[in-house]
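Colleague: Handing you a structure now.
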Amino acid sequence: CSTQRQTPTHPPSVPCRRSAAHCSRLPFNPLDSGPGCSRWASRESLRLEPLADVALLPGEERVTDKDIIYICPFAGALKGKVFITNYRLYFRSNDDPSVILDVPLSTIGRVEKMGGASSRGENSYGLDITCKDMRNLRFALKQEGHSRRDIFELLFRYAFPVSHGLQLFAFLSQEKYEENGWNIYEPVDEYRRQGLPNDKWRITFINEKYELCDTYPTKLVVPYKASDEDLRRVATFRSRSRIPVLSWIHRENQAVIVRCSQPLVGMSGKRNKDDERYLDVIREANGTPKLTIYDARPNVNAVANKATGGGYEGDDAYQNAELVFLDIHNIHVMRESLRKLKDIVYPNVEEAHWLSSLESTHWLEHIKLVLSGAIQVADKVSSGSSVVVHCSDGWDRTAQLTSLAMLMLDSHYRTLRGFQVLLEKEWISFGHKFTSRIGHGDKNHADQERSPIFLQFIDCVWQMTKQFPTAFEFNERLLVVILDHLYSCRFGTFLFNCESVRDANALRSKTVSLWSMINADSSSYVNPFYTVESSRVLYPVASMRHLELWVMYYIRWNPRIRQQSQSPMEQRYRELLALRDQYVKKLEELQMSEDPSSPHLTNNSTPSATSPRQRITHLHTPF
């Protein structure tokens, strides 16, 4: 296969030659295994064929295995054996070299029976499996004796444990890591890093028992002039009691990003003096002439929300505020857009009509609107004006906008650990509904709450890394790993809808954090081109001409794309860095072996001026 550029202009064509690489995982696919157990699985595993070529995770147990035919869309029908554990589906073909499939069961969104006992035609009887990670799997079995019944029932049971009263896989894992990833984010420490509290803003513990708002975190930053009683009154006028609270403050100009939900204006145009005064206090905190309220919704949707008791901040009530609608569509529109995208990228890419097909999905158009909105937020704050951001309930589009704006404004969030803090803070602690949007362990694939909001955010981050290749400490692999474990349920990081439910399920003590695994191998996720620029604000170009389809994620199951997991330039640069480190080490060893009285080792006022390490580390390649 020839090398293919990652642009929507030139789609990858799909060869159908038979190769182990065609169906095995990407070289950097992190889903190596996962845990889970049951007494039934323990007894059955004693009678199963050894699974020699894959290491089970601590806590992962075999459930069954079966001879089966995998209908590979790239290599045709492949005979082999499928192994099912309480974490994954693992298929190995009988060919040499073998074709491998390794799929965490929680990545499966739907399992359906294909054909019936009277079906005619080769390989027409079996199972159709739809996955959440942009691929579908089809297996064929022999038609005699209800041969698929047992495997269908087991797959259905272990892929959708919540629907069967079973625990999610993360609660059965026995993985151990040196670092506890749950400690990566400490709210008070993060607010202190931002310079909070100060004479204008304070940290309140009013929500310590989730009594003010059950979908907010326990520690909130609010205006110093607002009492806890003021907060309670404001909560009555905001959807789900999600009051305006600080997400980020600019160290120099003290402008802030505040997030919340829509006001409960309703059809009658209700007003709330406490809410109006509260927003004015936010405006006054840094002397902003006019507070800008960014409503993520299209204007027509915000007006329609009045019929269900919601609405937006009107000019008459909020006279010191300016309302801007960002025209980002709702979860249902985004779900349909991703469905259309999947149709054109898996399994085959139609080259003849690629541009028109991609345009018809509107996926990049939605990415553009989200990025454009975040740029407006970041630009306003950078210029010294405070902003309020909300959508309907403040946990979907709001999280996209605040976190992307913070990524543009604050270089700390562009580091490997800082990005983990950003996700923990703006997405996890502030109540993005991961369970509802992803459907962890739930068989109801048609649930209208499902939507790729977090995937869309990660796509926007990837777009930024493409436009600013030296500004991010982390690489593309990190983004892919995060998305894969968004679905896998191997870790507890993305489970449940909010902090109160996580606490009720003792998530931090009973599951492992994804950051434990990532930080145990942090070098694998580092961008070799990264250059520290602490004060730089990033303004990506949110133009359709500059946005690309993320081929290495959406089309990665295509065997042609799999061969492009790392660019030749990045690979060569890594080799040069490794070579440099070797020479530095040799020079240091030579120095250490010299006579201690050697002038090279004497202390002086400029000890590093002649140091080989100092000379070498100052030779940065100017990207």
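If you go along the chain as it appears here, the first residue is 1 and each next one adds 1.
Even glycines carry a Cβ here, placed using N, Cα and C.
For reference, TrEMBL lists these features for the protein:
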DOMAIN    181-554  domain 'Myotubularin phosphatase'
BINDING   Asn330, Ile331, Cys391, Ser392, Asp393, Gly394, Trp395, Asp396, Arg397  substrate binding site
DOMAIN    361-407  domain 'Tyrosine specific protein phosphatases'
ACT_SITE  Cys391  active site, phosphocysteine intermediate
COMPBIAS  594-614  compositional bias 'Polar residues'
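What's the neighbourhood like for each of these?
Modeller: Under 8 Å, Cβ to Cβ, and six or more positions away along its own chain, Cys391 (substrate binding site) finds Ser261, Gln262, Asp295, Ala296, Arg297, Ile328, Arg397, Thr398.
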Colleague: Note down the number of other Cβ atoms within 10 Å of the Cβ of Asn330 (substrate binding site), including every protein chain shown.
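Modeller: Counting Cβ neighbours of Asn330 (substrate binding site) within 10 Å gives 17.
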Colleague: Would you mind pulling the longest C-alpha to C-alpha span across Asn330, Ile331, Cys391, Ser392, Asp393, Gly394, Trp395, Asp396, Arg397, which the record has binding substrate, in angstrom?
Modeller: 13
Colleague: Within 10 angstroms of the C-beta of Trp395 (substrate binding site), what count of other C-beta atoms is obtained when all protein chains are considered?
Modeller: 25
Colleague: Return the residue, from the listed binding-site residues Asp393, Arg397, with the maximum count of other C-beta atoms within 10 angstroms of its C-beta.
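Modeller: Per the Cβ count within 10 Å, the most buried is Arg397.
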Colleague: Identify all same-chain residues not among Asn330, Ile331, Cys391, Ser392, Asp393, Gly394, Trp395, Asp396, Arg397 whose C-beta atom falls within 8 angstroms of the centroid of the substrate site's C-beta atoms; report them in sequence order.
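Modeller: For the substrate site, the extra neighbours are Ala296, Thr398, Ile453.
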Colleague: By DSSP, how many residues in the domain 'Tyrosine specific protein phosphatases' (361-407) are helix, how many strand, and how many coil?
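Modeller: Across the domain 'Tyrosine specific protein phosphatases' (361-407), DSSP assigns the residues as follows: 32 helix, 4 strand, 11 coil.
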